[in-house]
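Asks: Before I ask anything, let me first share the structure, which is written out below as structure tokens.
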Amino acid sequence: MNWTVDIPIDQLPPLPPLSDELRQRLDSALAKPAVQQPSWDPDAAKAMRTVLESVPPVTVPSEIEKLKGLLADVAQGKAFLLQGGDCAETFVDNTEPHIRANIRTLLQMAVVLTYGASMPVVKVARIAGQYAKPRSSDVDALGLKSYRGDMINGFAPDAAAREHDPSRLVRAYANASAAMNLMRALTSSGLASLHLVHEWNREFVRTSPAGARYEALAGEIDRGLNFMSACGVADRNLQTAEIFASHEALVLDYERAMLRLSNPAETDGAAKLYDQSAHYLWIGERTRQLDGAHVAFAEVIANPIGVKLGPTTTPELAVEYVERLDPNNEPGRLTLVTRMGNNKVRDLLPPIIEKVQATGHQVIWQCDPMHGNTHESSTGYKTRHFDRIVDEVQGFFEVHHALGTHPGGIHVEITGENVTECLGGAQDISDSDLAGRYETACDPRLNTQQSLELAFLVAEMLRD
């Protein structure tokens, strides 16, 4: 299948023209060097872009602007940001049970964090577009082209499957649209009921080896819910939840094809350019070159943007990202996602925060405790230890508390499945256990139990 519309490509309707200024900025951005891009035929990719330019978007401007408003609250210390989901989504796992399980886990974490923080938790999933991954090498250990995500090539260790195929751009769109549709349905129906989600958390406390530690907090949430019921509180917010969609803006052929110009009447009287493949997009550690296409592309779009900052980030470089990506000092526009590693975060993060805070910009500070703590197990699996993940979050909180700044959120790779990919946690997963259910298409994820355990631990940090 090469497209999802029944009109020949040469008859597809053109997009509304951009203003001269926007067109110039976009063309300039796309002309810059872009790393980590597929090596497919440019003409074939252009044909697929033409298809994607005509399809309904995955998100709409009003939703994106609503998220930006909620993120402004995070930037101002009035809310907390929880972002999580699969490291890499796959077409084969884009199923109702898998999506439901991931959404359920994110909702369970959010309830615990909301109570711990005593403030709203903004929920953003890695969903409906996380189909591409940067890789450290173009070739894998078998001499095949590296798997770069289902948007680009296949996972099977086969030369034909590993060829970069631009028709996968449209398959990615079709899968993203289906996932987004299901997520909207699930979160507006009974799955998001606060009482139901808390009952799942009670089950976790009852069955987890570490449950006794979290019994008191779960009991407090129980009493709070009982109090609201006794008072007759029946707000719609207790039955539904809003979860926004995010992915790494990596494959520029996909992102540029999903650009749409807003109706000025919908966006404060000004036509804005949105990447409507998602609500929120981030730039990865490997693609954040200041002179590169990814940063320049992010400058042009009106979506909220994140930037991953690893241990090589200097305070001066962080300030440059802030000035480039948040030129109007708009709270909610920019999230700085730090991924330093648990043994470096306490040393490297303070000068970065101090330098950025001195600019007066209100950015969101978010901790990614996953990517700086990856290692190879004795059994040959890429893994992460739960204790190191928790320690990086703890270090992140310690730094912010010392500086008087707001630890704005966490960004984690999780799944609603009972996989064995990360070591430790209350289940005490060991190197020899990893082979049992090691199912990730890329990096190791926290399973449901580990995700909830992390949420309870972060809730304790939020209360301290």
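Backbone N, Cα and C define each Cβ position, glycine as well.
Grabbed the feature section from Swiss-Prot, which reads as follows:
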type    : residues                               : note
BINDING : Cys87, His371, Glu413, Asp443          : Mn(2+) binding site
BINDING : Arg126, Glu285, Arg286, Lys308, Arg339 : phosphoenolpyruvate binding site
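Could you place these features in context, so I can see how deep they sit and what lies close by?
Replies: Less than 8 angstroms from the CB of Cys87 (Mn(2+) binding site) sit Arg126, Gln130, Lys133, Glu413, Thr440, Ala441, Cys442, Asp443, Pro444, Arg445, each of them six or more residues away in the same chain.
Applying an 8 A CB threshold to same-chain residues 6+ apart, the list for Arg339 (phosphoenolpyruvate binding site) reads Glu285, Lys308, Leu309, Gly310, Cys367, Asp368, Pro369, Met370, His371, Gly372.
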Asks: Enumerate same-chain residues with a sequence separation of six or more from Arg286 (phosphoenolpyruvate binding site) and a Cβ-Cβ distance below 8 A; give 'none' if the list is empty.
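Replies: Within the chain, Arg286 (phosphoenolpyruvate binding site) has Cβ neighbours under 8 Å at Val35, Gln36, Pro134.
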Asks: Which residues, in sequence order, are found in the same chain with Cβ within 8 Å of the centroid defined by the Cβ atoms of Cys87, His371, Glu413, Asp443 at the Mn(2+) site, excluding those residues themselves?
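Replies: After dropping the recorded site residues, what remains is Met370, Thr374, Thr440, Cys442, Pro444, Arg445.
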Asks: Helix, strand or coil for His371 (Mn(2+) binding site)? Use DSSP.
Replies: helix
Asks: Mind checking which of Arg126, Lys308 has the fewest other CB atoms within 10 A of its CB? They're the binding-site residues.
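Replies: Output over binding-site residues Arg126, Lys308: least Cβ neighbours within 10 Å is Lys308.
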Asks: Please report the DSSP secondary structure of Arg126 (phosphoenolpyruvate binding site), reduced to three states.
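Replies: DSSP call for Arg126 (phosphoenolpyruvate binding site): strand.
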